[in-house]
Amino acid sequence: MAKLPLLLLMWCVSLNLIIEHNNGVHSLEERMMLYHVQRFRRQPHSQQQGGIQACILPDSRRKNAAIILEMKEQEKCPPSLEEMKIDYWKKRMILDDLRVRSMQNMFERMTSLSSSNQNLLLEASIKSQIPLNLGQNFDILNYVVTLELGNQKRTMIVDTGSDISWVQCEPCKSCYNQKESLFKPSTSPSYQSVPCNSKPCRSLQFANQRMCKSPTTCDYVVNYGDGSISIGELGSENLTLGDMSLNNIVFGCGRENKGMFGYTSGVLGLGRGSLSLVSQGSDNFGGVFSYCLPSPMGGETSGSLVFGDEPSAFKNLTPIAYTNMLQNPLLPNHYMLNLIGIEVGEVGFRIVDGRQVIIDSGTVITRLPPSIYNALKGGFLRQFQGYPQVPGVAILDTCFDLTGIQQVKVPTIRMYFEGDNLAKLNVDPSGTLIMIDEGDAASKSKVCLPFASLSHEHEVPIIGNLQQRNNRVIYDSKLSRVGFAKEECTFSGLVS
């Protein structure tokens, strides 16, 4: 996964504040996302039997040929057992940074290699769509979906930076607490072990960091930059997305797992590697998937994860514009694009010759090289004047105190990518400012610009999930392109 350090619990706050954009004035409850980090759920696994089902996402639904996985804010989970204020928030920001640091270190190691080869096979045609939800009720800031593995429902983190999907399995030597019961291979007649000499085992590459202990099993180890880890063996199982079934999908059966996975059952890998669900399911949905990431605002908020090229399942407000999906031989498993410019309000700046960036659902905060970040920050500050600046928090260095202010004018942010139609990512208000609650009355109106600078110019920029919210993002590996369109992320009404 490349991330998962990004586990901070952000809640939408109802403030009597108005955010004004160039296209009009919107109440904070309606359009602005100022997040309030309030509670961190810590329930022993043994105490989770009573109200668990209310926290699980609803069943998948079908729209024409698409399966829809819903992302939906849940208000039914039991309350937190302990209060975690700014120290917890800072820790989650630090963990997000550790994820990014780990990715940068891996990129540097790859750059030092003399060669790299990896093949990507993607084709085909059925579609499927399932609900996708912000995982705050699972104590993470990643997005989660609920699907069926064998005959058991699993809620998993959606990660475009990971190739291997895995869940915690029973018996488990060392497992973190999760809301659902552990996956039991012994109770599933369709589960099979993957032998050591099999093609999937040989294709593990970086994840396969040790030799198999037995010819009949394929051991794996996945290390994440924040210290999180999953160790176990590969298995194959039938996977159900709504009413579409995928047979013999290879996944990791984790026996030793620890880290920042919240209360989820594991990770759903949607990277470009041969073991990702995108590659394994390419015969079914053509190597095309898309999502709309919801922002946690008032009321129920939901989004969708769509497998297959099914535009009728989208509710985009603007036409889809595509940019080329770059194939970087040093980073073959990541989705890379060419960023050519950024616009802040009415002022834009071009990035000479463009800059290769990774788009990642698992990283929370967008990271930019110092020169690009400083240009964005400078443009924002010039147009966000009259609001007192205050010290930053963790990796966020551009923060303001809005105490007593009833109306603020926030400049819009747009990212432009190379393409015939000049593909544009409109950053939602929920990705423009976030609220930071430091646990005292004075900090209730502290907001920060949720972008951060990388340490060095040569490091690889990453577009995080905060800046992707309320957009339809389409990954088309068959045609090697990524599409963007503005969309209000909802799951209701997708059913035909």
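All residue numbers here begin at 1 and follow the chain in the order shown.
Backbone N, Cα and C atoms are what each Cβ position is placed from, and that goes for glycine too.
TrEMBL has this to say about the protein:
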SIGNAL    1-24  signal peptide
DOMAIN    143-485  domain 'Peptidase A1'
ACT_SITE  ASP159  active site
ACT_SITE  ASP360  active site
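Its own atom aside, the Cβ of ASP159 (active site) has 26 Cβ atoms within 10 angstroms in the protein chains shown.
Looking at the domain 'Peptidase A1' (143-485) alone, the prediction's average pLDDT is 90. Taking the C-alpha positions, the distance from ASP360 (active site) to ASP159 (active site) comes to 7 Å. Look at ASP159 (active site): DSSP puts it in a strand.
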